[in-house]
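Listed in TrEMBL for this protein:
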TRANSMEM  290-312  transmembrane segment
TRANSMEM  356-383  transmembrane segment
TRANSMEM  389-411  transmembrane segment
TRANSMEM  432-452  transmembrane segment
TRANSMEM  464-488  transmembrane segment
TRANSMEM  514-540  transmembrane segment
TRANSMEM  546-569  transmembrane segment
TRANSMEM  581-605  transmembrane segment
TRANSMEM  625-651  transmembrane segment
Amino acid sequence: MDLFDKFKIWVSFIFLISQLGHGFYLPGSYPHKYGVGDTLSVKVNSLTSIETEIPYSYYSLPYCKPEEGVKDSAENLGELLMGDRIENSPYQLKMYTNETQIFLCKTKPLSSDEFEMLKKRIDDMYQVNLILENLPAIRFTKKDGFVIRWTGYPVGVKVQDLYYVFNHLKLTVLVHKYEEPNVARVMGTGDAAEMIPTVDPGSEVPGYMVVGFEVTPCSFKHKSGSLKDLEKMYHRYPSAIECDPSAVGMSIKEGEPIAFTYDVTFVESDIKWPSRWDAYLKMEGAKVHWFSILNSLMVITFLAGIVLVIFLRTVRRDLTRYEEVDKEAQAQMNEELSGWKLVVGDVFRSPTYPSLLCIMVGNGVQILGMAVVTILFAALGFMSPASRGTLLTGMVIVYMFLGIAAGYVSVRLWRTIGCGDKKGWASVSWKAACFFPGIAFLILTTLNFLLWHSNSTGAIPFSLFVVLILLWFCISVPLTLVGGYFGAKAPHIEFPVRTNQIPREIPPQKYPSWLLVLGAGTLPFGTLFIELFFIMSSIWMGRVYYVFGFLFVVLILLVVVCAEVSLVLTYMHICVEDYKWWWKSFFASGSVAIYIFFYSVNYLIFDLKSLSGPVSATLYLGYSLFMVLAIMLATGTVGFLSSFWFVHYLFSSVKLD
């Protein structure tokens, strides 16, 4: 098998894995061509608000329902976890056919509950999210001479103690003419190629693709006399409807119905299919991202200089002196030695709670591996936000399959600390499989009860809970145990020096060592500070995040900074004869999670100050705690492994009698 064949196999394997999560989406793939007059179905997603962060079903409000009944669209795991509930709608469009004053329905007189719910949704600034051909409806407004882009449109607006609902929509569909009416498409099948004509060569019927979807909402007071003869959906409203976004007319009152209408206009656009998501994925603040990366590079260079000094000047010089003297002089020198060489008989002494350390390091490897693989695939375009839920689905799948790495690392580290003893490896593997998922399950279940109580679509359905538990115990746990088995079979890492039976007394320190450890987290935090703002805005402010290339670079820089910080702190500790470096090396870089949590609280107070209600704040803090725990395990693992390598390398050069 030559190199090219191996490359094809790996490409096929990667494609298969990405398809498991419906994640193979490259902008420009799968264009759908429609003929003039073909039906276009508009779908609706959950109502969302940055005021509460609690999504609700579209049909929880008294909106018109389709004649065939409400039907759920097929949703993947990621969409369900994100709270998306995509359903059909009564809005029916015909390709390249402009229509005006289309009547949808007149609701029943509003009950007191419906009236109060509408007022509450308007107060909380809930947005209606329409979808056409996988494109969310986009709305443009002007403010201070700038055009602001929004996704969706508000349920209504409050003006002088009166509530107005947006009951007339002006829909604009941007279409692009299909450019290959008489060109054959080539499909690769093995080593040959099959020519498949896309359109009958004799046909000149043009086809169009949807490349944009815009909405302008209006509040229009329909005349009661004009509505008397309109009982069927899609009839034409008899009088003209003036859609003025700056004016309001349809106030809601208890006991009165609401009529809904819409217009649709098709506009031929120069936007091509591969570029139709540019309006949503437009990268803003590129200079800020570059500034963040340059700032991180400066921190890395500074730390790298310190590490270089440690290796080349201090460690190498000490080792050279230590090895060049004869044994008699060495014995005399040992009495005068100070610093890291004095802890040679204690530096590999087993830490407190060794099994917990092994479990946390194993989970950190699993989380870090998931982050690297997911962000890399997203940067390559395989997990575009254009394919909803794919990113979250991919993260869950990658995390489960990396359970084998968590088990392997946990057990091998356990055997290394135990000097090769295999006893208890199954218990360590089982705990590694349940530690982080168990904490995550506890947090999500608690938050889910709050969402269930609020009747929110953000609540995970019971059936999905069962699926997640089955995935956990049927895939993740067995793979972790398999990884633990291989870790038990693999040779443990032998310590280069013997450990004394009696532990050495650690001299009193001038300052608490843990204070320095906690302060070390400021450097990794400075690396991801800017990118963290964009990520938080994407999660909580409804903005689309698509700068995964920047995120991947920041992740690499974060790993380097965590390794350097932990290495420097470990050397400083053993230089003052503090040989308890195991946990301190983990938290030296893992302490960045503390600063991220403080930043999350700051973001809640100053950027999400409109977040209303204790339920919303509890949800925010719960999800933030979940994120912070994952970051602590990943960054702490990087710091511990780099320090372990450094200490092993350092003392492997020391010769003992």
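For all residues, glycine too, the Cβ spot is worked out from N, Cα and C.
Cβ atoms under 8 Å from those of the transmembrane segment (389-411) belong to residues 17-18, 20-23, 25, 75-82, 84, 358-359, 361-363, 365-367, 369-370, 373-374, 377-378, 382-383, 425, 428-429, 431-433, 471-472, 475-477, 479-488, 490 of the same chain, restricted to positions at least 6 beyond its ends. Beyond the ends of the transmembrane segment (464-488), by six or more residues, the same chain brings 77, 80-81, 396, 399-401, 403-412, 414-415, 422, 425-426, 428-430, 432-434, 437, 441, 448 to within a C-beta distance below 8 angstroms of the stretch. Contact between the transmembrane segment (546-569) and the transmembrane segment (432-452) is not supported: fewer than 3 Cβ pairs lie under 8 Å, counting only residues 6 or more apart in sequence. Between the transmembrane segment (290-312) and the transmembrane segment (432-452), fewer than three CB pairs separated by 6 or more residues in sequence fall under 8 Å, so the two stretches do not touch.
Here the transmembrane segment (356-383) has long-range neighbours at 18, 21, 23-27, 390-391, 394-395, 398-399, 402-403, 405-411, 413-414, 417, 428, 431-432, 435-436, 548-549, 551-552, 555, 559, 582-583, 586, 630, 633-638, 640-641, meaning same-chain residues at least 6 beyond its ends whose C-beta is under 8 angstroms from one of its own. The recorded stretches the transmembrane segment (432-452) and the transmembrane segment (625-651) share 3+ CB pairs below 8 A when only pairs 6 or more apart in sequence are counted, and are therefore in contact.
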